[in-house]
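Student: Quick one: the structure is below, questions incoming.
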Amino acid sequence: MTLRFYDTASAEVRNFVPLVAGRASLYYCGATVQGMPHVGHIRSAIAFDQLTRWLTHRGLRVTVVRNVTDIDDKILAKSEASFASGFQPEPGEIPGEEWWALAYRYEQEFLKAYDALGVSRPTYEPRATGHIPEMHALIQQLIDRGHAYPALDDSGDVYFDVRSWSKYGALTRQNIDDMQAAADADPRGKRDPRDFALWKGSKEGEPATASWASPWGAGRPGWHLECSAMVTKYLGTEFDIHGGGLDLRFPHHENEMAQSQAAGHPFANFWMHNGMVTYEGEKMSKSIGNTISPAEMLELASPRVVRYYLGQAHYRSILDYRPTSLQEAAAAVERIDGFLAKAVARFGTDFGFVEGDYGPSTGAVEAFYAAMDDDLNVPRALAALHETVRAGNTALADGDDDSARKAMNAVVIMTDVLGLNAVAGSEKTSTREAEALAVLVEAQLAARATARAEKDWSASDAIRDTLNEAGVVVEDGADGPTWSLKRD
């Protein structure tokens, strides 16, 4: 087994050797909870969930940390705006909402979206506001080592001195003189306009609840500092992988790396970044109306179909959304579930699952493993999955039950790794009967998702009615359709 991942810092695909044998440590940036989740947030979470699942499948015990930024200029500004006279709330906004209530409410929306799409809960999910003492300690370390200073204007701000750290710009391979000023505070208090805030002194008019006492005056932490302090608490001063969206490379991750290493921490061994989501080749923008939210996707398709779509591209590539994207994903999921449903119909509830026993599908499984080992190449892995589905269908048609069973074994392994078996709302038990029922119902829901995406409402209603007659209740919600069995 040789795992290889692209490291942004070295700009090359390198062999992944965990710092501790048999274990892996991963920190990836969660959301700044200032609004509803957008597809970029969820695509990132799915990418690092796939990574976690694959590392686990490869026998590593993985510790995952995903932070919550619950104090931020934008959160405070949004809360303040909600108290203004004449405030006109947009969907999801509440008049007169305190910043901490706003942050918590949106945090719960993110958790709902993650859960609906089968994103595994991290080992730790720390909030920035719960780690102020750790942030104070890190700032003091940087001051003591000559890499940070209190602001020159008595504002209570504390800044990182970028000129004091010769490696600043290493992650993104930029020359410091070519960088723009850090737009996080009044530059009059800085030695250099590029210096960034570690601590922000309280400003007039800001709520007292958004301020903490510190040796430099009351205030709140800077965004970049928060992540460095939290990752060090939960994973130590050196860990395996730091992940996040491509848009976080600069300034966020550049600043994280600089301040952590300047404090004497080796920090991340690998930096991994996922690509953005576009709309028909263009950057999504509310101003031009070319956006689609996870909630809107879940109104059009089942959670597994949405997960398939958001997770199907290579994590480093751009994922482009088109009006037909969910239809295509639904058709792919329907092919997988169609094979599984036919296999259950043939074999009953006895799957005969034996991990490693794949018969004629062994080559496809080996191709799947090779793809995932090679910088998490999900497109190649999906090709191997669909090849196995085709082989399984052929075996069923030919009456080759042994090969069909082994193809089913392979499909179960692959879908487990990709998170495509995580069905929100299913009643899960350990019985084979429940597993068989889930496969059959999900095959029907995938067909229904295709019908809905094509606006074939009569076909969609017919599938729902058939399931209802069989004792399966389907409910359409903001997080997509869920199902349950009728109660006696």
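Keep in mind that glycine also has a Cβ here, set from the backbone N, Cα and C atoms.
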Student: Can you identify, from 123-127, 278-282, 283-287, 358-362, the stretch that Swiss-Prot calls motif ''KMSKS' region'?
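Tutor: Feature motif ''KMSKS' region' in Swiss-Prot: residues 283-287.
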Student: Looking at the ranges 31-41, 53-63, 64-74, which is given as motif ''HIGH' region' in Swiss-Prot?
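Tutor: That would be 31-41, per the motif ''HIGH' region' entry in Swiss-Prot.
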Student: Can you tell which of Cys29, Cys227 has the most other C-beta atoms within 10 Å, given these are the binding-site residues?
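Tutor: Ranked by Cβ atoms within 10 Å, first place goes to Cys227.
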Student: Express the distance between the Cα positions of His252 (Zn(2+) binding site) and Lys286 (ATP binding site) as a whole number of Å.
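Tutor: Here the two Cα atoms are 23 Å apart.
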Student: Given the binding-site residues His252, Lys286, which one's Cβ is surrounded by the fewest other Cβ atoms within 10 Å?
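Tutor: Taking His252, Lys286 as the binding-site residues, the minimal 10 Å Cβ count falls on Lys286.
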Student: I need the CA-to-CA distance for Glu256 (Zn(2+) binding site) versus Lys286 (ATP binding site), whole Å please.
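Tutor: Distance (Cα to Cα, whole Å): 29 Å.
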Student: Cβ within 8 Å of the Zn(2+) site centroid (Cys29, Cys227, His252, Glu256 excluded): which residues?
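Tutor: Residues close to the Zn(2+) site, other than Cys29, Cys227, His252, Glu256: Trp223, His224, Glu226, Ser228, His242, Gly244, Leu248, His253, Asn255.
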